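Listed features, source TrEMBL:
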{"type": "REGION", "residues": "24-60", "note": "region 'Disordered'"}
{"type": "COMPBIAS", "residues": "27-41", "note": "compositional bias 'Basic and acidic residues'"}
{"type": "DOMAIN", "residues": "84-111", "note": "domain 'C2H2-type'"}
{"type": "DOMAIN", "residues": "112-139", "note": "domain 'C2H2-type'"}
{"type": "DOMAIN", "residues": "140-167", "note": "domain 'C2H2-type'"}
{"type": "DOMAIN", "residues": "196-223", "note": "domain 'C2H2-type'"}
{"type": "DOMAIN", "residues": "224-251", "note": "domain 'C2H2-type'"}
{"type": "DOMAIN", "residues": "252-279", "note": "domain 'C2H2-type'"}
{"type": "DOMAIN", "residues": "280-307", "note": "domain 'C2H2-type'"}
{"type": "DOMAIN", "residues": "308-335", "note": "domain 'C2H2-type'"}
{"type": "DOMAIN", "residues": "336-363", "note": "domain 'C2H2-type'"}
{"type": "DOMAIN", "residues": "364-391", "note": "domain 'C2H2-type'"}
{"type": "DOMAIN", "residues": "392-418", "note": "domain 'C2H2-type'"}
{"type": "DOMAIN", "residues": "447-474", "note": "domain 'C2H2-type'"}
Amino acid sequence: MASVKLEDCSQTLELNVNIKDEEEEEKIGKSVYHDKGDHVETFSTSREQQQEGHRAKRSHHLPHCEEIFPILSKLKMQRGENLYSCTGCEKSFTTSRALTVHQKEHTGGKSYSCTDCGKCFNRSSKLTIHQRVHTGEKPYSCSDCGSSFSQYGHLKSHQRIHTGEKPYFCADCGNSFTTSRALTIHQRVHTGEKPYFCSDCGKSFSRLDTLKNHQLIHQGQKPYSCSDCGKCFIKSAKLTIHQRVHTGEKPYTCSDCGESFSRLDALKSHQLIHKGQKPYVCSDCGKSFSQLGNLKTHQRIHSGEKPFSCSDCGKGFSVSGNLKTHQRIHKGEKPFSCSDCGKSFSMSGNLKTHLRIHKGEKPYSCSDCGKGFKTSAEVNVHWRTHTGEKPYHCDCGKSFSRLNTLKTHQRIHTGEKPFSCSVCGKSFSVSCNLKTHQRTHTGEKPFSCSDCGKSFSISGNLKTHHCIHKGEKPYSCTARGKC
């Protein structure tokens with residue numbers, strides 16, 4: 001016989017367990033008595049009888065059952081004996097309370113309801129935690145940084161930021177995480193699982209918060225607005241990034257070259273330049289890129305895709321930035337101004353090119369003749385004078401070395417004259433012809449002879465005039481002897 005002394009209360013309790021062989025054990029079970037002075041209560045605790053007793057009338061309830069049965073439960077667990085079985089799933093428990101809590105999972109029983117919002121819970125402890133949403137109570141504070149939390153588990157997860165502990169490891173790639181939830185979400189990268197579906201468009205997501213942000217697009221909601229310019233955003237994180245445009249803040253600095261960035265992803269992409277990494281390869285031509293976005297933009301060259309269309313003229317673009325620049329033509333916007341002459345441009349690149357006129361910079365030179373140019377595009381066009389290349393062809397068979405020359409030529413066939421004089425209404429197929437014509441109204445003669453000071457409205461007329469001073473007569477009559 002094994003004897004266990006309990007001294008948790010004023011009385012001394014003895015738990016006597018008769019251990020026989022297996023057959024006798026099933027028959028006899030355990031004998032428990034509670035000695036209170038000279039009065040002794042005893043009862044048999046064979047499995048069938050004890051289970052029946054607790055499920056029915058509990059006719060053998062002891063006044064100090066609370067003290068005895070935790071110990072009895074531990075003994076039952078050690079011996080692999082579970083007294084309380086669920087009829088719904090056949091799962092067994094060592095206490096009736098554990099069984100009751102479990103059965104609510106089957107019945108959907110949520111007997112604890114929030115008086116503020118009506119939400120129901122199957123445990124009072126869960127209701128208590130939930131009510132902190134309404135009260136704002138955050139009883140668990142971080143001793144390192146002072147951050148407060150409504151749940152103890154959230155505090156524990158937060159503290160891993162300070163300790164650097166990441167106990168949850170991904171078996172596929174070895175990445176570690178501070179919470180099991182973060183690991184579960186990460187593993188969807190490997191499995192491709194996207195359990196959250198948008199009911200409006202059917203698009204699926206691996207994270208619930210990503211779905212909720214996406215749904216704001218359908219609802220037309222942009223709850224986060226910039227106090228400086230009024231621009232609205234779906235996510236608070238995007239507003240924070242946008243506000244750096246106004247503040248000039250660039251919190252992410254490259255350790256290699258010191259260049260700073262307003263976005264973390266921009267820094268990471270930049271660092272690939274130093275590492276020489278170009279992990280994104282085009283399957284069509286093999287060209288590689290350091291950024292995924294650049295690869296996607298490049299692939300539109302092969303596919304011919306132009307997903308960004310102008311609402312004013314319908315022109316399509318492969319890059320959203322090019323569409324925004326184009327729309328300035330319709331709006332008449334020229335936000336980039338030259339500080340030297342005041343001339344304005346719709347594109348920052350055009351301003352940079354223009355500034356080279358004032359600085360006299362010609363950083364691009366022809367390898368054949370050494371001639372300098374302000375842009376690489378000008379070098380490429382000039383290079384065709386050496387090669388004789390004329391890649392732009394008209395339906396009439398005529399070819400040109402420049403695209404804009406082809407477009408001007410095609411107006412001969414179409415009869416299009418898009419440039420009109422605001423004074424007399426006369427139209428021209430080329431903008432420079434309009435400018436020359438307008439001088440007849442203004443009287444402007446910008447081309448002056450250095451020998452005699454005479455001025456001309458057209459540069460060609462000045463060149464002809466120069467022949468007088470030089471004594472040149474370049475034009476000969478072909479009808480010899482007849483004039």
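Cβ atoms here come from the backbone N, Cα and C positions, even for glycine.
Just so you know, TrEMBL annotations never went through curation; they're auto-generated.
Beyond the domain 'C2H2-type' (280-307), the same-chain residues lying 6 or more positions past its ends with a Cβ under 8 Å from any Cβ of the stretch are 269, 272-273, 316-319. Secondary structure of the domain 'C2H2-type' (364-391) per DSSP (helix as H, G, I; strand as E, B; remaining residues coil): 12 helix, 4 strand, 12 coil. Through the fold, the domain 'C2H2-type' (336-363) approaches residues 325, 328-329, 372-375 of its own chain, all at least 6 residues removed from its boundaries and within a Cβ separation under 8 Å.
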